[in-house]
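Enquirer: My questions all concern the structure below.
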Amino acid sequence: QALFNLLIPDHTADAFSPPRLSEPSLWDVLVEWLLGGLSHWDAEHFLFIAEHGYLYEHNCAFLPLYPLSLWAVARGALWPLQWLLRLRSRLLLSAVLLNSLFSALAAAALYELGRVVLRRRRVAFLAALLFSLSPANVFMAAAYSESMFAFLAFSAMWQLEKGQSWLSGLLFSLASGVRANGLINAGFFLYSQGKRFALQLQVGPGSLRKLPLLWKQVLSLASSAVLMSAGILLPFAVFQYYAYVRFCGPGTGLDRSIPEPLLQLARDKGYRPAAMDGAKPPWCSQRVPVVYSYVQDTYWNVGFLRYFELRQIPNFLLALPVTILVSWAAWTYISTNPWHCLTLGLERSKSEEEGKPKDGFCCPAAFVYMVHATALLAFGFSCMHVQVLTRFLGSSSPILYWFSAHLLQEHEPLLWSTGTDNPPAGRSVLGKSPSSCGKGTPDNPVMRLLLNWRLITPLSKGILGFFLCYWLLGLLLHCNFLPWT
């Protein structure tokens, strides 16, 4: 990132670029030189919010938990560096440290989730490695909220699979304070409770005797669902109320305390500062004043089919690989489990009745994750800036990594080695790759494929090529203010 930022001049982009209010020291210049490429595009919003708060209306498109975390680390753990670095440099350093931690924890959570859901350790491990080479990796490293959200979302899914409902609900709630699409995660909890109740009704004829207790179970289920959904919604709702008080309340003269360079930026760019006397924003008079949707609509023109223009074809091409992969995953799952999908997974399968549930990507337990990924894909493709689909899905859904790992494990002979997971039926088993150094050396399947690039199948080259190309192009383009996903 530092190398690309040094060799390639920054593009002059029409992006949020607030002025610096203090002169940098030599140490600030060094931090900017080393890490400055990770502070571009939306990262400027997060760093600005962590430093100055929500001064401008359009900052409210970015939820508060991630910038609050940056502020806490910069003011806390990095407080001894205040004599060397100004606050912004410490915030940027905090972002890099936190995102490195969250990315590693997200990979670990994805691995554990895959072990529980897929019941195949190798596929789960391969998926976690692919996450470490995510095509959205630049956003996992830059001062964006993707890595924090992935960690919270994958951890919450894992805890829910383990039966830790309240811990899962807490993690899902925190995730909705990081990104707005965390609200849809309430569906995981609702589905889990609904499926448990539906399966209880199918345990056999003896269950008819328990019908008088049915209303108690329904009441318990409904109250639990309402409480958990409310908890997941709460951080988002509280933030909307905070924005209403800040931008729609009576003028408090806060604009007089805003530094003049930031007020001048608002005048030059047409930004609306907080708590100014005069006309209130239009969203303040709505029956349910939600600043998030208003900002997305007004400042970024986000809406249903608004991006379907000829000039946006390059952005649709950027989103094509991830769109194909997730669509292919959905088709594979539906065609393998048509009845399970038609019954919404609420009917007990024969394998479950025998106590031997099916494993692998097409297992019944993966149904809700497939629905989640398909819903995100449909919404992102039709209502969002389509080029963000790669990081949108890459930080929210395990399906992108599970399906890619499934394809590699099923169709790549170099991965058919002995172990806990059996190779596809009727196919020969190969030994470890020449890259394995010894009997006790852990084997990295991704490295094995990369070191034997000429021998792997075209499908493997396509999947790994997509991950690696987007990984590299993301660093090269994003860090120099060039358009990317």
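The backbone N, Cα and C atoms fix where each Cβ goes, glycine too.
Note: TrEMBL annotation is automatic and uncurated.
Annotations for this protein, taken from TrEMBL, read as follows:
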- 91-111: transmembrane segment (TRANSMEM)
- 123-145: transmembrane segment (TRANSMEM)
- 218-239: transmembrane segment (TRANSMEM)
- 316-334: transmembrane segment (TRANSMEM)
- 366-386: transmembrane segment (TRANSMEM)
- 463-484: transmembrane segment (TRANSMEM)
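Could you place the listed features in the three-dimensional structure?
Expert: Long-range Cβ contacts of the transmembrane segment (123-145) within its own chain (Cβ-Cβ under 8 Å, at least 6 residues beyond either end) map to 1, 37-40, 42-43, 46-47, 62-63, 65-66, 70, 91-92, 95-96, 99-100, 102-103, 106-108, 110-115, 178-179, 321-322, 360-361, 390-391, 394-395, 398, 401-402, 404-406, 408-409, 415, 421, 444-446, 466-471, 474-475, 478-479, 484-485.
Within its own chain, the transmembrane segment (366-386) is flanked in space by residues 117-118, 157, 181, 184-185, 187-188, 191-192, 300, 302-307, 312, 315-316, 318-319, 323, 326-327, 329-330, 333, 337, 340-341, 344-345, 392-393, 396-400, 402, which lie at least six positions past its ends and keep a Cβ under 8 Å from the stretch.
Sequence-distant contacts of the transmembrane segment (463-484), counting only residues of its own chain at least 6 positions beyond either end whose CB sits under 8 Å from a CB of the stretch, comprise 1, 4-5, 8-13, 15, 37-38, 40-41, 130, 133-139, 142, 318, 321, 325, 387, 390, 404, 407-408, 446, 449-450, 456.
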Enquirer: For the transmembrane segment (316-334), find every same-chain residue at least 6 residues outside the stretch whose CB is under 8 Å from a CB in it, and list them.
Expert: 135, 341, 361-362, 366-367, 370, 373-374, 377, 381, 386-387, 389-390, 393-394, 397, 399-400, 402-404, 463, 466, 470, 484-485
